[in-house]
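Please read the structure below before turning to the comments.
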Amino acid sequence: MSAPQKTSALRTPFKTVALVGRYSTAGIEGPLEELASYILRNGQDVVFERETSLATGLTGYPALTAEEIGREADVAVVLGGDGTLLGIARQLAGHNVPLIGVNHGRLGFMTDIPLEDVQSVLPDMLGGRYEAETRLLLESSVVRDDSPIFSALALNDVVVNRSGISGMVELAVSVDGYFMYNQRSDGLIVSTATGSTAYALSAGGPILHPTLSGLVLVPIAPHSLSNRPIVLPQEAEVTIEVATARDASVNFDMQSLTSLLPGDRIVVRRSKKTIQLLHPVGYNYYATLRKKLHWHEYPTEDNRL
């Protein structure tokens, strides 16, 4: 399977735009309504994700479930942060509906368009002029007594960790059926390139460019300093067995979780489903890194020494 791709070309304009918002944010109704009106004036039809519509009271537009958006919309514009985009991305996985991330608050790695810039870049993007990136997803299942008890998708990461405040978890990690190591730690992160700038980064993992399709294993506060992050090929299957743990759980993009017992196995592999992120023409991933991570190598806005 080929690596995630980044492409830029003039394509067919979008006709129906779904709006998804971080509806728990106070005051988001105004920006959402303004964005919807602007898209209508630009010549596209607008629908709202149902929970966004109900929570904000913006009921003057068709309100669709994620499944219905997958069938009826051509593109989804997400107003919020990376967490909002993560949630809808998993729901739309497999529907071939690309996502445009508009940031409402701090700049995100995926919601990379500032709200104040949206009216200057959105017409071109909805008209078919944009840069597209395909991002891989992880699929994971929890196996107990040889029977799957839980499964979920993740765009960022699958995290096995201790839930309580005391004690470590002991994990036995295998890759493609080959035993790798036993690890005593606060947990283990299995991350995509997309997730390498999230929890994995704060745990000491490397940054992977989003067009890379490998996985990275990142221990969380390991007991042994020799347990280091390792990058694996895209087709690797990672199995994590809980050897001992007082109170452990597995999280998927830190948005859904299930509790674990000793003997449980968590199997993580690349999903056949992907998502597509759209950016304005001229999008610069390194500029996003510089702004988010405060890499102040250049003292001026025009990147000159």
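Just so it is clear, glycine is given a Cβ too, placed from its N, Cα and C backbone atoms.
According to Swiss-Prot, the residue from ALA66, ALA221, ALA236 that belongs to the NAD(+) site alongside ASP82, GLY83, ASN156, ASP157, ARG184, ASP186, THR197, ALA198, TYR199, ALA200, LEU201, SER202, GLN255 is ALA221. The Cβ of LEU201 (NAD(+) binding site) lies under 8 Å from the Cβ of ILE207, each of these being in the same chain and 6 or more residues away along the sequence. Binding residues for NAD(+) (ASP82, GLY83, ASN156, ASP157, ARG184, ASP186, THR197, ALA198, TYR199, ALA200, LEU201, SER202, ALA221, GLN255) extend across at most 31 Å, taking the greatest CA-CA distance. Residue environment of THR197 (NAD(+) binding site) contains 23 other Cβ atoms, counted within 10 Å of its Cβ in all protein chains. Taking CA atoms as the reference points, ASP82 (active site, proton acceptor) and TYR199 (NAD(+) binding site) are 13 Å apart.
The recorded positions listed here are ASP82, ASN156, ARG184, TYR199, ALA221; among them, ASN156 has the most other Cβ atoms within 10 Å of its own Cβ. Taken residue by residue with DSSP, ASN156 (NAD(+) binding site) is part of neither helix nor strand, so it is coil.
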